[in-house]
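Worksheet for the structure shown next.
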Amino acid sequence: MTAGFQLGVIGSLTLSVASSVAIVICNKALISTLGFPFATTLTSWHLMVTFFTLHVAQRMRFFEPKAIDGQTVILFGFLNGTSIGLLNLSLGFNSIGFYQMTKLAIIPFTVLLETIFLKKRFSETIKFSLLVLLLGVGIASVTDLKLNLLGSVLSGLAIATTCVGQILTNTIQRKLKVSSTQLLYQSAPYQAAILFATGPFVDQLLTNRSVFAHKYTFPVVAFIILSCLIAVSVNFSTFLVIGTTSPVTYQVLGHLKTCLVLSFGYTLLHDPFTMRNILGILVAIFGMALYSYFSVREGKKKAAGDALPVSQMPDKETEPLVATKDSSDAKKANGVAQD
């Protein structure tokens, strides 16, 4: 792993955290203060602005587009768009506590899917650090756990589509040799299309209000534009992080954002904060530190193994190499799909 690659990973993680926290604060003001509750429709606008921004960047030669199989990119775009809509429906039909549990469940399900279908191996230390992280985020953010059949089905579908979508984000970038920018540019129109078509109906179902009948004052329009501009960075950094690390690392990063948002909510917006929140955040941060430490240590061991001198490599005649499904992927940033 080169120094340039490590700096790129750090940069993508930093951009993801900063832009995600910024958009949460912006959207909180838009939804709670200015009374614009149409989250799914707003997400479709985010993706449309992202596509047009990337289109302008492509025309200005900031990156070269790369053709991707049409069926692959359409299915990928629709899958990611559907996962966003299902997460919003899950939030609408479940308690806040159950919705947080849904988000927490994405990590173990991603690990399970990667283990079963991609034959990726997670060490016991990595599993332990993820358990500590999930425990901390659960303590900090999960309150009531009210169950209902429809909400549970929606949550299950949201978990499945999100896990598969994020795994595919990583897999497509690795297998087809496309960058995060190229994949986002190709898929954003399809993600935007499905949310643009279904968003108003989903939002009306959840809020009993029509996005078309809303009064668009200057502050509302200004915050919508600001939210869309920040979303360009959020969407770009999401694909970048998944492509350079892994879906699991992106989910770990997402829970760091949760802790930061809780902290900012307390310090800047004076949201209620208890000792339970503080304890949970501290436990979660400890879990993230463990995950980072073990991931870096295992990465160094892997790099050292790849760099064995010729005299220490196995003799092709006396010790033939057995091809495995993930042997071609062993030297790449992850083992999957995200995103």
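Note: Cβ is positioned from N, Cα and C throughout, glycine not excepted.
According to TrEMBL, the protein carries these features:
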DOMAIN    19-292  domain 'Sugar phosphate transporter'
REGION    304-339  region 'Disordered'
TRANSMEM  30-52  transmembrane segment
TRANSMEM  73-91  transmembrane segment
TRANSMEM  125-143  transmembrane segment
TRANSMEM  149-171  transmembrane segment
TRANSMEM  222-243  transmembrane segment
TRANSMEM  275-294  transmembrane segment
Annotated stretches the transmembrane segment (149-171) and the transmembrane segment (222-243) touching (3 or more Cβ pairs under 8 Å): yes
Most Cβ pairs under 8 Å with the transmembrane segment (30-52), selected from 73-91, 125-143, 222-243, 275-294: 222-243
Contacting positions for the transmembrane segment (222-243) when only residues 6+ beyond its ends and CB under 8 Å are counted: 12-13, 15-16, 19-20, 22-23, 26-27, 29-30, 34, 36, 42-43, 45-47, 49-50, 53, 166, 169-170, 173-174, 179-181, 183-184, 188, 249-250, 253, 333, 337-339
